[in-house]
Amino acid sequence: MSKEIYENPDLKKERQNCPFNKEEITHLLDGGKEKTIERKQLENYILSDEQLKDAVPMEYLSHADKYAEELRKACLLMHKLADSPAGQVPTLRALMGAGLGSAVLKEGNPLALHYVMFIPALMGQGTIDQQAKWLEKAYNLNMIGTYAQTELGHGTFLRGLETRATYDPKTQEFILESPSLTAYKWWPGSLGKTANYAVVMAQLYTKGKCEGTHPFMVQLRDEETHEPLPGIVNMWLNPVCISSYIHYGTYVKPTNSKLSYATMVFVRVVVCQDVTTNLRKAVTIATRYSCVRRQSELKPGDREPQVMDYQAQQNKLLPPLAATFAFQLAADHLWNLYHTANNNIEQGDLELLPDLHGLSCALKALCSSEAANFVEVCRQSCGGHGYMSCSNFPRIYGQVTAAETYEGENTVLWLQVARYLVKTRKEQSGGLSVKYLIGEEKGPKTVDTTLEGIVKLYRRAAVGLVDVAIAELDKSGRKGEAPHDAWNHAAVYLIKAAQAHARLFVVESFVDSLKEGKLSAPVRTVLSQLCELFIIYWLLERSGDFFLCSNLTKQDLLLLNSKYVELLAAIRPQAVNLVDSFDLRDEVLNSPLGCWDGNVYQRLFDEAAKSPLNQSNVHESFHKYLKPLLKSNL
Ligand SMILES: CCCCCCC/C=C/C(=O)SCCNC(=O)CCNC(=O)[C@H](O)C(C)(C)COP(=O)(O)OP(=O)(O)OC[C@H]1O[C@@H](n2cnc3c(N)ncnc32)[C@H](O)[C@@H]1OP(=O)(O)O
Ligand SMILES: Cc1cc2nc3c(=O)[nH]c(=O)nc-3n(C[C@H](O)[C@H](O)[C@H](O)COP(=O)(O)OP(=O)(O)OC[C@H]3O[C@@H](n4cnc5c(N)ncnc54)[C@H](O)[C@@H]3O)c2cc1C
């Protein structure tokens, strides 16, 4: 007789009478029905492999054992690539992300940088000959690379990197050296024990002149013994400049010095998707748990309610739920811009480069910071159980909050965005994402609280905050401050303007995607509710910006607050159905709180039992330390 599949009765009730087709949303998020089929096939192929399962929870292993276990699985995954039903590239893409990849490699993938940065650097910046020499070797895993840019003393300020590559015209070689302790390459993933090659970013010196940071291919370790090559500590090696600009001993400037930053732009684009996937996991865990967890008393004398029935809990979880759709659609738009810009750059057309740089900085900073805040809210919404390691919130939070720092610390990226906005507003010329800054702000200042009216408010705030920042810069200039001082003294306004620009892009992406999308009426209804909830939520959170730049009144805010709480109540019944639409398997969620069947308490108990400390009633340390203390009559 088939074993009855347990389903928590509350979750079962939540799933009854779903008014929309969950699969339609799954296909929307996957990029179509075929992509969903491919993803599910791949998940079955990977997650059914017993060798990829952890014998013991990773948190109970030593640092070295964790590394060895993750490397074992990462290498096994590479062997499985060849037979993957989804093909190598889609499989690699899935394995490098926060979804399937982190379901297997919970502590991180020792080979990630090889695929996420090393190969993209070769593809984006290598000459044809260099690609012919190295790409096949890299794809065949006959070399493992990383991207070594950050140093002990510099991560943000690339023009301040100390590693030097001096060209010797006599030997036609580059001599790489780390002239100081602070020049040591620090942070690059896989650099410590895994990679035997690296793309090293160094200041190129030729004929006594510094030509700025350039990428160099450097062999780090012997390919047979894996021993560090002689002098690797001071990097006196025989590197090769990638995308060599040294022609017959003469330096030839690239068409744009920032093309050497292209790999970072690529990863910033990828990060937007990655943090969205992590946020989707956190929202799913917290939403399902909040419909299983019953606590306290809503109506005196009644049964303890599901905590999701508290408006306070809806206020915690429904904005992040809406954000997962907003960020996904914005990341899709950014990805399309990246592809178009990259294809153009390959043809020598750099026109879209500034817009791509501006938008990738804006969205990477916005999505990572918002996702980190939302993941923490999701964790807190699960009370004590959300704090447990096995909840997976600590790991998800660690992954998302790291994205606020790597690939460009967010503050620094906000200031890059502001530089682009100020330049566009002043010169009245700029790329697609900043067209709203060209010309006077159109439309009335009076507030119209329809969806279209709220989007106009976002646009007015975005223009207005750039103008406020420019006014600050001009004021400092009139006081005789040098431009760099004026810039520094306007940083608070500049960052606000950059953030408003990023929010406008996300809001317009969400609204436009719903307008253009071929959606069934029920799906359009629920996604429109999420869209309206999210853009009102952000407006209420940042109402100061809107007061500063429009005629928003107290009455308008009260009206928007009422709309907001009405939308919380309207979306609440579909919360579980919406997270079910993400189609995240239990192995990907990796959390007893978020499992599909809602059997939370038994799974929590089973997880606790796995602890080494729970393998005996009395731990040996009692006899060594506690018993003597108890007897010592202090
Ligand atoms: C998701 C899956 C896993 C991911 C794993 C990731 C692991 C992590 C890896 C890393 O962290 S790798 C290291 C990342 N490090 C950084 O991102 C460093 C951040 N710093 C910078 O990018 C630069 O220092 C800077 C902040 C952009 C400043 O550069 P610079 O001082 O050279 O330029 P500016 O003087 O500020 O601007 C001059 C000019 O250049 C334009 N520009 C700057 N960067 C770019 C770019 N990338 N692309 C195009 N254009 C760029 C800038 O807009 C200015 O233009 P104008 O205003 O003069 O027109
Ligand atoms: C998990 C992780 C993985 C990483 N992987 C890699 C890797 O594989 N390869 C690699 O090369 N690097 C890697 N890094 C390094 C990462 O790229 C840097 O840490 C990051 O670029 C930030 O630079 P920083 O550490 O110098 O921070 P800093 O810039 O020193 O930041 C310190 C403070 O200074 C502020 N600040 C700096 N400049 C300005 C400014 N102009 N205006 C205002 N405020 C400013 C910052 O906002 C921040 O508050 C990784 C980092 C992490 C956390």
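Every residue gets a Cβ built from N, Cα and C, even glycine.
Nobody curates TrEMBL annotations by hand; they come from automatic prediction.
Copied over from TrEMBL, here are the features:
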DOMAIN    21-144  domain 'Acyl-coenzyme A oxidase N-terminal'
BINDING   T150, G189  FAD binding site
DOMAIN    261-422  domain 'Acyl-CoA oxidase C-alpha1'
ACT_SITE  E407  active site, proton acceptor
DOMAIN    451-631  domain 'Acyl-CoA oxidase C-terminal'
Neighbour tally for T150 (FAD binding site), based on other Cβ positions within 10 Å of its Cβ: 19
Lowest local Cβ density among G189, E407, which the record lists as recorded positions, within 10 Å: G189
Stretch-averaged pLDDT - the domain 'Acyl-CoA oxidase C-terminal' (451-631): 96
C-alpha spacing of T150 (FAD binding site) relative to E407 (active site, proton acceptor), in angstrom: 10
DSSP-assigned states of the domain 'Acyl-coenzyme A oxidase N-terminal' (21-144) in counts, ordered helix, strand, coil: 88 helix, 0 strand, 36 coil
Collapsed DSSP category at G189 (FAD binding site): coil
